Amino acid sequence: MRINNLPQEFKKALPVIDKLNQAGYEAYFVGGSVRDCILNLPIHDVDIATSAFPAEIKEVFEKTIDVGIEHGTVLVLHQDESYEITTFRTESTYQDYRRPDHVDFVRSLEEDLKRRDFTINALALNAQGQIIDLFHGLEDLQNKRLKAVGIAAERFQEDALRMMRGLRFVSQLGFDLEEKTQAAITTHAPLLSKISVERICIEFEKLLLGQNVQQAFQLFIATDCFKYCPELSDKRHLLRQMSEILRFPIEDLSVAWGLLIDQIAIDSKHQKAFLKEWKLSNQRIHEVLLLREALEIIKQRPLDVLDYYQLNETCLTQLFYIAPFYDLALSKESLLNQYRLLVIHSLKDLAINGNDLMRALNRRGGLWLKETLAHCERAVLLKEVANEREALLNYAQEFVNLRNKTAD
Ligand code: ATP
Ligand code: MG
């Protein structure tokens, strides 16, 4: 197969390949970009593989950065882009079911393509637009089939992460897992326990955000991969129920995690610990927990002014995205409008602060101050008092008087 009109991303990078060719080396576009080009999908990172050894790559180009020279990867800066150029390599002796012990640089493209995970990822494209397809990757692309290169069982024994990569490609591409590949994943799923949570999480998140999440999620369960992911091992039944509601793509990562903790019934006390086990960032955890709180409310009743005040625009947008999974129809415009219409959005917006209150009421700080401010805040939100200094100070004085009386 020949690609006549190379996509812009490749055209831009052609001089890099040409330079290597002129210096006497082979060089090809490889990996996801070739696959995505044939599928007419957007291309993100353009990876280049070459027969030149790292030191030789560095001789050919003026501007290079060593990003992983021990693995044969050199970053080449060309115009305003950077390209990862990796020497053809074989990987050997995977003693721990993850990452090879060491890599050997080789001069043969075939050796390099052989060590790749799936046939659709083992295509190479040369400067003339010719596809090199040694493992029937084109046929598999055509048939929408995800098939391991060579003997599937061996490939997953070498690197167990490939199983999770496989499931996420199913989700992203909507391909079927080839029978032997699926059988090998099911047999070797326990090896996932050797892989770090962080690396599993990257693939799992891509799986959750893929266009065909339902299909992939069902395979995640059917192959037993879920059993070797944090805190999921005893959740087969709940995960299966969850797979039923995944009828459309998930828009956002916090929505994905929010759905997961809700569907597998992680109670509020353990939600944070669950998300921490997955090594999510504090920022992500915060977003997910807030979304979950909003979801709990919206399942019962519409949000009121005080609810809106606890939330923010990001959370409300996520609430809009999560709602259809519960057959709730929310309007994003309306949610955001309600929020924007709040008289204040934080205590900072209140026309008085703690100092104003202490001065006006001639009192020192203490619990009364916190309570009075909270009372004013609430009253302003509920439009019981205007957000104006004089009105609020009077309102606060009344509240403090009343508070003192009840204390007597
Ligand atoms: P994406 O579009 O998400 O970047 P990708 O296929 O390009 O998908 P990368 O992680 O960027 O994935 O890897 C680039 C290429 O390197 C893959 O297409 C594949 O050929 C090879 N590769 C990556 N990870 C592995 C692995 N664990 N085992 C074997 N080959 C791999
Ligand atoms: Mg890639």
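Our numbering is plain: 1 for the first residue shown, then up by one each step along the chain.
Cβ atoms here come from the backbone N, Cα and C positions, even for glycine.
Proximity of ARG116 (ATP binding site) to non-local residues of its own chain (separation of 6 or more, Cβ distance below 8 Å) is seen for VAL30, GLY31, ALA122, VAL149, given in sequence order. Marked as ATP binding site by TrEMBL: GLY32, ARG35, ARG116, ASP159, ARG162, ARG165, ARG168.
For ARG35 (ATP binding site), applying a Cβ distance below 8 Å and a minimum sequence separation of six or more within one chain yields ILE120, ASN121, LEU123, GLY137, LEU141. As annotated by TrEMBL, CTP binding site applies to GLY32, ARG35, ARG116, ASP159, ARG162, ARG165, ARG168.
Taken from TrEMBL, the feature Mg(2+) binding site covers ASP45, ASP47. In the three-state DSSP scheme, ASP45 (Mg(2+) binding site) falls into the coil class. Listed in sequence order, GLY32, SER33, GLU84 are the same-chain residues six or more apart from ASP45 (Mg(2+) binding site) with CB atoms under 8 A from its CB.
Residues annotated as domain 'Poly A polymerase head' in TrEMBL: 27-146.
In the domain 'tRNA nucleotidyltransferase/poly(A) polymerase RNA and SrmB- binding' (174-233), the DSSP tally of helix, strand and coil residues is 43 helix, 2 strand, 15 coil. According to TrEMBL, the feature domain 'tRNA nucleotidyltransferase/poly(A) polymerase RNA and SrmB- binding' maps to 174-233.
Taken from TrEMBL, the feature domain 'CCA-adding enzyme C-terminal' applies to 250-395. According to DSSP, the domain 'CCA-adding enzyme C-terminal' (250-395) comprises 102 helix, 0 strand, 44 coil.
The binding-site residues near ligand 2, defined by a Cβ under 6 Å from one of its atoms, are GLY32, ASP45, chosen from GLY32, ARG35, ASP45, ARG162, ARG165. Secondary structure of the domain 'Poly A polymerase head' (27-146), assigned with DSSP and counted as helix (H, G, I), strand (E, B) and coil, comes to 32 helix, 44 strand, 44 coil. Per-residue pLDDT, averaged across the domain 'CCA-adding enzyme C-terminal' (250-395), gives 97.
Taking CA atoms as the reference points, ASP47 (Mg(2+) binding site) and ARG165 (ATP binding site) are 18 Å apart.
Shown are the binding-site residues ARG162, ARG168; the one with the most C-beta atoms within 10 angstroms of its own C-beta is ARG162. Taking GLY32, ARG116, ARG162, ARG168 as the candidate binding-site residues, the subset whose CB lies under 6 angstroms from any atom of ligand 1 consists of GLY32, ARG116, ARG162.
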